[in-house]
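Record features (Swiss-Prot):
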type	residues	note
BINDING	Tyr57, Asp106, Asn107, Asp134, Leu135, Arg217	S-adenosyl-L-methionine binding site
Amino acid sequence: MKGVDDTDLVPDSAGEGSRVFHDQLFAESNSAIEDFRFDGATASVFDDMVHRSVPFYDEMQRMTEEITADFAVPGTNLFDLGCATGTTLLRLDAALDPRVHFIGVDNSLEMLEKGRQKFLARKSTRRCEFMAADLHRERIIEDASVVIMILTLQFIRPLHRTRMLQGLIEGMNEQGCLIIFEKVTLNDSLFNRLFIRYYYNMKKRQGYSDVEIARKREALENVLIPYRPEENYELLASVGFSHVEEFFRWYNFSGILAVK
């Protein structure tokens with residue numbers, strides 16, 4: 001893997017004084033490809049990676065803020081599952097009542113540390129905790145008016161998704177909401193192929209090479225497992241959500257709002 005130096009720096013979109021490195025994790029064509037991991041190397045380039053790899057990422061953040069404002073209740077908890085480097089929590093901190101408690105959850109200690117440092121640099125007075133947890137095994141949701149999963153559910157092993165969501169909804173308050181953004185697959189093979197190609201074209205426009213795209217696809221093959229949109233709707237309804245609706249779609253990316 002290529003090292004990073006000052007030539008790899010890009011502007012800090014969070015504006016919180018942390019350095020953001022240019023994503024070149026998969027630029028080396030000779031190194032062995034391992035399963036994708038949210039380790040220190042990924043954490044160092046993550047903010048650049050999501051802005052270049054996720055279509056309309058800033059709009060996803062804006063929509064999350066807009067929806068959350070209608071559901072977050074002062075004195076209750078807001079959970080960001082798979083909070084990564086804390087981008088979503090930083091944005092919500094400026095928008096929500098300070099009495100809403102924030103809990104960012106991730107299984108990557110390196111991601112959590114970056115999120116913690118960014119939040120400390122903000123000098124917010126809000127109660128905010130960054131928690132290490134494995135969503136496959138641990139039930140951590142309690143007194144939650146809002147739960148956010150931005151590109152997180154797709155990394156939960158399929159055999160664990162129902163149980164994880166059951167534990168999640170049990171810890172949510174009535175009329176609480178779950179906001180999900182997911183990569184999805186489709187029943188129709190024609191549309192599936194087309195949408196995947198359109199997505200890779202988007203990544204090329206963001207500066208990724210064919211080699212980088214192919215190597216990352218292979219690294220994610222057994223790690224990121226997307227469902228069809230209908231499977232996600234049925235899964236959410238089956239664990240007890242009374243309202244489930246898709247509110248965002250870009251080819252093979254979907255946003256879902258579910259209310260208990």
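Residue positions begin at 1 at the first shown residue.
Backbone N, Cα and C define each Cβ position, glycine as well.
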Conformational class of Asp134 (S-adenosyl-L-methionine binding site) under the three-state DSSP mapping: coil
Collapsed DSSP category at Asn107 (S-adenosyl-L-methionine binding site): coil
Among Tyr57, Asp106, Asn107, Asp134, Leu135, Arg217, the record's S-adenosyl-L-methionine binders - longest CA distance, Å: 25
Site with most surrounding Cβ atoms, counting all protein chains shown within 10 Å, from the binding-site residues Asp106, Asp134: Asp106
